[in-house]
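A.B. asks: Can you keep this structure in mind? I'll have questions shortly.
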């Protein structure tokens, strides 16, 4: 039995029945990491020792007859922008290459309380800015389905680790598609919950009004399990919603008869690869065949989402990243005075994409440009939100491709930021509206995974999970595993 | 040409809330550097601010006491600028939707009452403190983040003030109101009350404004007044010599007694304000506002009016006594036990305040409790001690903290009102000063005073002066 490719709920069952120990499972996955991470390069920091300690503690609890819960003893890993007390958190940036947080993010604390075994910290685009993980200042992560291709981004390390059996599940963050697009590229399940569903406390901010933490898993059941642990109000995050968290696992009924699904035509526009469109339309036909009522609809302001996003997100980022100044933590490159120290530190500490976005955002907020850019973008954001509101007055869910393309080759778009930005065309509007969405494997194109994006009503992750679960039960795509070679 | 000044003040008040504005750290002043800190106020990666409800409550109190309209909806914004005492390199503040607007307060200068408009009141967080250490290559700086994140209210006045004296009176009145509300320590020397002044001059009678400068670093009432006097003179001199005032941010140099340019208009910073996405807008419902309004204490103007109406105190006395809530409380407690309000007021405004100032004490720190003050006045009224002795006894009470009666008894200061006891001394004084007695009999009335003084001296001030007078006259 390959322990490293079992899902969390499968492992949880084995652990609860005492058929394996958490230490055995953890050791197996540590072995797997040793065997394949040289090729995949998902991990920035490995915490094998701490992981084994956590595993031992879970085994000890079970030996005492306690039952610490379904995720206890299941090994997982974290995107490296989630703060882990005592374990360095780099955001894949030279700026924080040696920074060790003194505190745990709320999601990390909740996972630890649930008995999670944390294997380490995963690669990403620097400060979560990018769609390929090539913007990591350490090294790029490879797509386990084709090592010459990108895993997507910015949570590329997280999805690659889950796809390659280097972690049973992972947490990522999604500001414009950073969980869903790589999940689509690597054939795993990735969810961006509703804005406010999961506490952002301890997530190193990129764009605060868009960022959301979410699960990356190998099936929908795991997604429901992990979401159930990390979701819920947090008094440390003013933007977290004080709403009850439903039992997501109980919502997993393979029954979608009568579910109304809108298919927005704007998401199948120019730039979509024909074969991706075919695969996604086939998946939608499958949903229909299963009893859902699917019909074409329109979200007329979709084309403005991307430009508006590239004002709102950089504007917030320019302010969020101002704190990296070399004064009290992180990289410091000395200078003859404080201004020169700021400039040297920020010139050397940030990579080109981060600098580009800081400049874009600074410009958008500048006196004389604010109304034309930032304020206008906020108005567009309202229009996009209203598009969705109108659609959700008719439909329970929306179905779209997650990304217009399958995984592209390393270097293919690295020199063309605009082409790279287009990769998030289908995911960005969801962040702008604060809605929940997930990507599930729905087929293959050129031997590479294709993702189906389902978008739900605010705080209705349960319906999303139910539809995704029904689709998964009716298909086999999520069972295929990459060969970790070159296509 | 005659010029008049146009002055508006931006006052920053540190609130003495139980915790900082957006985290749980203490707001206590002092403390070892960087001990009142946590990941949130240090602005570490990943942290988020959560507004302390008490900050809003204190802001509401202040806004209502200043007769402002509280906004039903306000929000927090980020003010972006780089400075090493600002860990996030932005300050959480309020920009276009402040907590409250449109208030006023009343000041009295040279007997003339004026109403000064308040433009707005908003909440923000304080920055840390830089300590510069000299050395080769310009030395270095250390940062203390204890103050970082301490809540501030910024209170902006309309440009309604017309003289440095009015500016000072406004600032003093504002401090009094804040002290009555008990929302701040209001210690300018510790920086819990700070002030920047916008000042311009124009020909008297003109309706338009001149070019203004902003003067910073005003750390006391005295420096506020001096800096404004200097800056007004400087601007008038420029205009009179045919020049133009340049818009600039100035700093006050207390030692040299001059203002100097910190930044010109061209160097003005673009703060790139935008709504802080980490904080949700604040909705303040009418019930909350009404509750805070109901719970407001009696404010200085109302209290002053009450002292005039209920006790018949002169307006001047009432103004002095109500300039501090603690002082007014003290007065009320003494008057409750010793109902001669004017006598109480004379003592409080005179020796009591003098002794407090000499000891560098606030009215709330008086070593003489109001009960003892009342019993001192009672001793004087009963004739047990003279007024002169009463002053000595009060000094002794300040110095030792002992009660009035105890001091009078211990030191044998009881007034001698026994004619038999005094007659002996009077006879001796008359016998010892035949020349003076002769002078008096020849019509020199002043000579009597000398003889009274001699008797007082001989009794170490304890003799009843009225009785001494009578006894002397009988014998002359």
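Each Cβ is built from the backbone N, Cα and C atoms, and glycine gets one as well.
Annotations for this protein, taken from TrEMBL, read as follows:
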ACT_SITE  A:79  active site, charge relay system
ACT_SITE  A:154  active site, charge relay system
ACT_SITE  A:178  active site, acyl-ester intermediate
DOMAIN    A:24-465  domain 'Amidase'
A.B. asks: Counting every protein chain present, what is the number of Cβ atoms, excluding its own, within 10 Å of the Cβ of residue A:154 (active site, charge relay system)?
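C.D. replies: Taking all protein chains shown, residue A:154 (active site, charge relay system) has 36 Cβ neighbours within 10 Å.
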A.B. asks: Could you state the whole-number distance in Å separating the C-alpha atoms of residue A:154 (active site, charge relay system) and residue A:79 (active site, charge relay system)?
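C.D. replies: So the alpha carbons of residue A:154 (active site, charge relay system) and residue A:79 (active site, charge relay system) sit roughly 9 Å from each other.
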A.B. asks: Here the active-site residues are A:79, A:178; which one has the lowest number of other Cβ atoms no more than 10 Å from its Cβ?
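C.D. replies: So among A:79, A:178, the active-site residues given, the one with the fewest Cβ atoms within 10 Å is A:79.
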A.B. asks: May I ask for the distance between residue A:178 (active site, acyl-ester intermediate) and residue A:79 (active site, charge relay system), taken between their Cα atoms and rounded to an integer number of Å?
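C.D. replies: The Cα atom of residue A:178 (active site, acyl-ester intermediate) is 11 Å away from the Cα atom of residue A:79 (active site, charge relay system).
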